[in-house]
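Undergrad: To start, I am sharing the structure in question, which I have written as structure tokens.
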């Protein structure tokens, strides 16, 4: 029968519930006009199939007048098609409320309200809501939360440091890993995990200007963190009173900040939870004087609770330098340089004893005495067990020593010597004759090392006279690429102009498909170039990069590197090799170095190879040697006697060997063990790889995309293209691009194809989609037909989903103890709960959809019965909720008490444990227990099942 519409009646939109209560204005022929006063919107619907549900309240319901007072309904009267509600107001006085005077802002979000208002959702949405709750609960309890979503190969020492640091309240640490071990990834993991956990909300990243772009790329590509890059132009053009306050994550160049006092004032006023400083070894400090940069960072460190300093300076080459960094972290603890040196010497024999235990599996009398003197009477039983060959006791002893290590909690330093998994390197030098065209170039830096740039700078050359027509390195490159055939080859040169010219040369002279990559391209253009290079089937054989353009990129799927020229500094040389030489590289790195004979290029090659040994091994001493020998090196590169040159190379080699020996003998094995995680990181790696192999996420996301009207189609193996369809349900779905995106769930694919989104449980698209499901009301009601021969036709089952949760600041981490969990109840006609006997999936497979009109009619007919059974379901679930809360309180108290006891005991023997850290943990314990006391049980969803 057709609906009867009367002006003044209140109806609610089935598709736009957020509009609030609608009022019928007019019925004109086949059109129905409805006003939604809450938003001021007017809608016209076809009279035959208007997506509207009549608003009818029942005795017991509480309703609101547009002036704000509430009425508890006792009786409902229908007068000429309009409802009039009679009942008691807040003062228990009898009152009447016609439906025309109902509040316009009433929304039916509660499951029971929506069910009885006729807002019944598709079965698929009910399942989606249930699965979303289950996955949310599981992820909040996961030890991998914030660690597994990074677009990087999981590496043990990085994961250990990230977890150790990110799980502290306001961490203040120095990350001093050797070059190539991934300090930027470690910092990104810490930032990401702190943000997800709520321990930090606003992060300031200070970097040298030349590394701003690298950080921007790393944070966005690896962690999906939207970092705001600040410079003078952005700061001046901003309309905000304080431009920094609008950015959750700000990336700032230290050079600009030092010169701009206005920007400094704004930065201090903005308020930050965590500060990250890269290249911290460039902050100059001496006992009698500090640089402007150091002083600025020092002032910021005094007002920002969390501080992360990144430095590449080897400790033994700069103990004073490390002290300067540690001073920034904890000036009370590190106040005296002489005392710091003495303390470091105090730990050296202990570290040597630990090394002996690791190498020999037992302790010599001397090592035993050293450790006994260090631990005192407390360590005697442990040492006795170690001497008896107890391997577990050995592990406990090492952990005890690590805990007491002077800087073990604030300083992390991993070395290549201690970390396994790096590839070997092979060097292939190619001396080539210097062409005549380069011999008479005007003097200058370009002419010395980059003659092609100097040649081009002389003026526009005819096409047949361009430098790549006569430079023998180009002929060599073409021949080498042909010899390597389909093998991927990365070519790096110093300048963007050279990279673009080489692409022209390869196209014109050989037809070899090449992709180019330089700083003049946008990030999107670089992504496309990198993707073209990475494509195994149809991609380019060669990618030609400029020095700056390749910063922060990872091309470890290739293992042939051509250096078309050599950089002027060993750090840049290591950065070039580091594009391929990473943990996880499966092949030996092949380094191809063409150079022009009898030129500065030849001498620079000899300097790096014979003096610094920088091609075949990492060169931690390179920066110091370049600084020490620079005054002799530069004049001799341009020319000069071969005898003087040979002497310089020999001197540099001798000094390098001396420094390397000093580094080796001075290795702090205790520090390395602590930084590497002593096996804990490897367990995290295995857990992440196991999670990667599961299909739960792709299966869940497919249902999510279907629900929101996102079309997916195959792109290639392990990759999908997502596009919004015409039926897209919610324009706010975080697809990332209105035109569509390409995604992969495969980590290896994501590492080689940076143009693809790497979907994990932590990805903004996944998290945003789940938030849309749980924050909306869609899916919290359903009615279905159940096909089961064991059930008598007409039998009604009621499935209820309750959520047991605590609403609290994320920083308290209560989701670890009481994650929002869906507590399911399946009631039969006698009130028995069958949920433990009938799994959700089993039940789901037996259900069929019911037309909405029929479902609504059935619900209205059974309203009183259903309302009683809903109350009965809550009574059955409440004891489970109460026990969950009690268990959460017990776990929180036990964990916090154990950690507090450890820190208090540790503080007695290791002053690096700050009072503020212990106080913060005590407060977190108290606040957490208080918030758990307020945990609530909420009816999340209702499904009515009728046997047929």
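Backbone N, Cα and C define each Cβ position, glycine as well.
Given the structure is predicted, the values throughout are model-derived calculations rather than measurements.
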Undergrad: Among 270-273, 274-277, 278-281, 282-285, where does Swiss-Prot put the label motif 'DEAH box'?
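TA: Within the set 270-273, 274-277, 278-281, 282-285, Swiss-Prot attaches motif 'DEAH box' to 278-281.
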Undergrad: Using DSSP reduced to three states, classify residue 183 (ATP binding site) as helix, strand or coil.
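TA: The residue in question, residue 183 (ATP binding site), is helix (DSSP, three-state).
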Undergrad: Hey, what's the Cβ neighbour count for residue 180 (ATP binding site) at 10 Å?
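TA: Neighbour count, Cβ to Cβ under the 10 Å cut-off: 18.
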Undergrad: Provide the number of Cβ atoms within 10 Å of the Cβ of residue 183 (ATP binding site), excluding the reference atom itself.
TA: 23
Undergrad: Summarise the model's confidence over the domain 'Helicase C-terminal' (473-627) as a mean pLDDT value.
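TA: Computed over the domain 'Helicase C-terminal' (473-627), the mean pLDDT is 89 on the 0 to 100 scale.
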Undergrad: Around residue 179 (ATP binding site), how many other CB atoms lie within 10 A of its CB?
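TA: Total other Cβ atoms inside 10 Å, all chains included: 18.
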Undergrad: Starting from the ATP site formed by 177, 178, 179, 180, 181, 182, 183, 184, give every other residue of that chain whose CB sits within 8 Å of the mean position of their CB atoms, in sequence order.
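TA: For the ATP site, the extra neighbours are 186, 312, 414.
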Undergrad: For residue 177 (ATP binding site), what is the tally of other C-beta atoms lying within 10 angstroms of its C-beta?
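TA: Looking across every protein chain shown, the total is 23.
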Undergrad: Just how many other Cβ atoms lie inside 10 Å of the Cβ on residue 178 (ATP binding site)?
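TA: Its Cβ has 18 other Cβ atoms within 10 Å.
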